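A.B. asks: Copied straight from TrEMBL:
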- 8-119: domain 'Aspartate/homoserine dehydrogenase NAD-binding' (DOMAIN)
- Ala123, Asn189: NAD(+) binding site (BINDING)
- 167-253: domain 'Aspartate dehydrogenase' (DOMAIN)
- His218: active site (ACT_SITE)
Amino acid sequence: MGTVSLIGCGALASIFVQNFGKLGNEWKLVSVYGREGKSKSAFEERFGLKVKTDFEDFLACSGEYVVELAGAGAVKETCIPVLKNGKNYVCISIGALADSHSLEQVKAEAELSGAALYVANGAIGGLDFLQTLSFSDYPYSVSIETCKNPKGLEGSPGLHGKLLSKTEREIAFDGTAQEAIKGFLKNVNVAIATQLASESEQIQANLVSEPGRASNEHIIRVRSETLNATLSFESKPDKANPKSSVSAALSVLALLKNLSSPIRYF
């Protein structure tokens, strides 16, 4: 039986725990880490689990795999210490490690400890395909377009206080994934995962605001001399957290299932 610890006690963490039993007896949830607040109290009451608020205490009793479902700030705080402790780190908020310095630091700590960073598919799929693409002898380009209801983009620093239209479709951001990090960190995890998996130095990333849209859509386009592909993923945003998709939490469960299964899909 594998052991898992969870970082986060908000909307995505709740979806993860709610569906954790579907893994059967292959995995055991041994601890949860979060911050004091309404989310912590609601989480503890709903699931009957104690949420630790002291990170060192949490780290001392953490499982073989530590799952992050708490956002970029949590990744910056916890990823390196978890790897240093020899525990594997499963990350959803990969945008936090997008800069080359952070990523190289993670690689170095993982190599020293023998642990690994796992990047879950999150709200999309196809990271395996993008890795395959990176072995091609031919040049290729990768781009991603993300379409969301304005509610999923509201308050982003990159809008500079601008109010998005409630009636008209408009481009909220048009640039590279690296540039998007500065102003739309909560909306670029998919773009950064796409860039890293394809081993591209830069990819084009567009964020589109569509009033009335009931789902989040991510469209990845790959173009090369030997292969063209368009991958489209559409999912309903989490009602409690419009900036995230329910599938983001479920993808971590799929990853854990794959790790413990005698037949693995890649």
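Each residue, glycine too, has its Cβ placed from N, Cα and C.
Just so it is clear, the model here is predicted, and its values are computed rather than measured.
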A.B. asks: Can you count the other CB atoms that lie within 10 A of the CB of His218 (active site)?
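C.D. replies: I get 23 for this one.
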A.B. asks: Mind checking how the domain 'Aspartate dehydrogenase' (167-253) divides into helix, strand and coil residues in DSSP?
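C.D. replies: Going by DSSP assignments, the domain 'Aspartate dehydrogenase' (167-253) contains 29 helix, 37 strand, 21 coil.
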A.B. asks: Quick check on the binding-site residues: of Ala123, Asn189, whose CB has the lowest count of neighbouring CB atoms inside 10 Å?
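C.D. replies: Comparing Cβ neighbour counts within 10 Å for the binding-site residues Ala123, Asn189 gives Ala123.
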A.B. asks: Rounded to the nearest angstrom, how far is the Cα of His218 (active site) from the Cα of Ala123 (NAD(+) binding site)?
C.D. replies: 8
A.B. asks: Taking DSSP states H, G and I as helix and E and B as strand, how many residues of the domain 'Aspartate/homoserine dehydrogenase NAD-binding' (8-119) are helix, strand and coil?
C.D. replies: 60 helix, 20 strand, 32 coil
A.B. asks: What's the CA to CA span in angstrom from the residue listed as 'active site' over to Asn189 (NAD(+) binding site)?
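C.D. replies: So the alpha carbons of the residue listed as 'active site' and Asn189 (NAD(+) binding site) sit roughly 11 Å from each other.
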A.B. asks: When DSSP states are folded down to helix, strand and coil, where does Ala123 (NAD(+) binding site) land?
C.D. replies: coil
A.B. asks: So what's the mean pLDDT when you look at the domain 'Aspartate/homoserine dehydrogenase NAD-binding' (8-119)?
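C.D. replies: Averaged over the domain 'Aspartate/homoserine dehydrogenase NAD-binding' (8-119), the predicted model reaches a pLDDT of 96.
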